[in-house]
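Step one of this worksheet: look at the structure below.
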Amino acid sequence: MRITSALALTAVAATAFLSNHAAHAESQVLELTSENFEEKVPQEKLILVNFYAPWCGHCQKLEPEYEKAAVELKESGIPLAKVDCESQSSLCKKYDVSGYPTLKLFKEGSALGYKGTRNAEDIVMYMKRHAGPATRSLKPEELDEFIASSDIVVVAVIPSEKSTTQMTEDLEAIANYYRDDFQFGLVETSPELKDGGPGVILYKTFDEGKNILEGDFTDRSLRDFVRSNAVPILADMGPKNYMHYMDAKTPLAYLFYSTAEEREKFATDLEPLAKEMRGKLNFAFVNANKFGAHADNVGLKSEWPAFSIQDVVTAEKYPLEQKTDEPVTIERIKKHVDAFLRGDFIFNIKSEPVPEGNDGPIKIVVGHSYESIVEDMDKDVLIEFYAPWCGFCQKLEPTYKEIGEMFKGTNIVIAKMDATANDIPVTAPFSVSGYPTFMFRKAGSQDYIEYSGQQSKEAIVEFLKENAVNKVDVNINDTANEVVPDEAANKVKDRADSEVRDEL
């Protein structure tokens, strides 16, 4: 009996192994290396490449979706490929890969960023959009199917006798601009328009169902038309439509909810307000169970329901105060909206408490102390933007502290900021997209230089000696110099390593 069981288990294991091996062997995803990349990629009119690391959690999650998309796209002759950045580090470095997974679209060898989401259906749709022309010429009998093909489609109506070169060029420019987001079609006439055209109709599966732009259009008027009408009056925000809200350039009001009952209660009262504010303020629901981490980006604690307004251009946020004895109500929301539109608020800065003393070798910078420390015009300042969960930042800490000790009490300030817990001023002429990021500002200057050299004591001190206005005589003990391994010099972007996740 035991022998039979053992044999059965062995057979099952062998079958599983063979099945897995067969699945791997039959993969439709092309494996690229430094040996075949330059041969394979330029010969394809269109190819998507996944730069990944085997240990990366998000990469592992993407793999089955990517494989599924490759199978579906095979019939269309659109290949998908992948590069293992653990074994092909020089190739990944060549294409500026600093986080995993990184998807890059190559058109006849030229690399473009991938702006779609990471599920099979969207990858397929994204690649098919890029495979064809930005604007599809439609016959009358094809229009209904085209309109039904997506949540939002844009149809330009240009009668041949009224067509101009400029109008055609403007349409193509905007269709290319929005190629990642919407499908554009072109017809010669439509009963929806006066005299059959010209004009533009945006068809959508929400709100009023369609919007019409009558008469001749320019690239500016067409872009504004699409931008303002692609955003629902009131709907849930998620990865698929997040950039539509950002692209609208209109301030955005977020209502975070945690239960269906909360959403239903606020929907009834919020919709009339959202309609009234159309063009001045966009409104969106956010499911806190899925995207609650995003609340931190708009100045809110993880307590639901919650409400905040964000200027999507400057990233300034204006959260409704979260009070235990005063729940979020439509009345409070209306007062908050009115105050925002009147300009009554000073925007909210996310900041840890300003540390007392702060006389250690490394100056601790928080949101409320950034200006007084980092923008002190008498001082040269090197600041590290880090994340508590970043392993490379932790490994660098002893070296950075030694550098701080060397310059302590001088006019060269060594500082650091937890960029996950504090806001960098919106006026800062740089952004932080990975950790650690080092920025240096010379005394008397408002310009910043990013330090991207080796993360060793010797290299950083040499950089300061060469670039600082204030000269300090310091000696480096080479034998005590700790060098962070080259692979650690990359910035961490893989959110799978982070406790903080913001899928939006």
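Heads up, the Cβ atoms here are built off N, Cα and C, so glycines get one too.
According to TrEMBL:
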{"type": "DISULFID", "residues": "CYS56-CYS59", "note": "disulfide bond"}
{"type": "DISULFID", "residues": "CYS390-CYS393", "note": "disulfide bond"}
{"type": "DOMAIN", "residues": "8-132", "note": "domain 'Thioredoxin'"}
{"type": "DOMAIN", "residues": "340-469", "note": "domain 'Thioredoxin'"}
{"type": "SIGNAL", "residues": "1-25", "note": "signal peptide"}
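Distance noted between the C-alpha atoms of CYS59 (disulfide bond) and CYS390 (disulfide bond) is 18 Å. A sphere of 10 angstroms centred on the C-beta of CYS56 (disulfide bond) encloses 19 other C-beta atoms. Taking only the Cα positions, the spacing between CYS390 (disulfide bond) and CYS56 (disulfide bond) is 14 angstrom. For the domain 'Thioredoxin' (340-469), the DSSP-based tally of helix, strand and coil residues reads 39 helix, 28 strand, 63 coil. Neighbour density at the Cβ, taken as the number of other Cβ atoms within 10 Å, is lowest among the disulfide-bonded residues CYS59, CYS390 for CYS390. Distance noted between the C-alpha atoms of CYS393 (disulfide bond) and CYS56 (disulfide bond) is 18 Å. Helix, strand and coil content of the domain 'Thioredoxin' (8-132), in residues and according to DSSP, is 58 helix, 24 strand, 43 coil.
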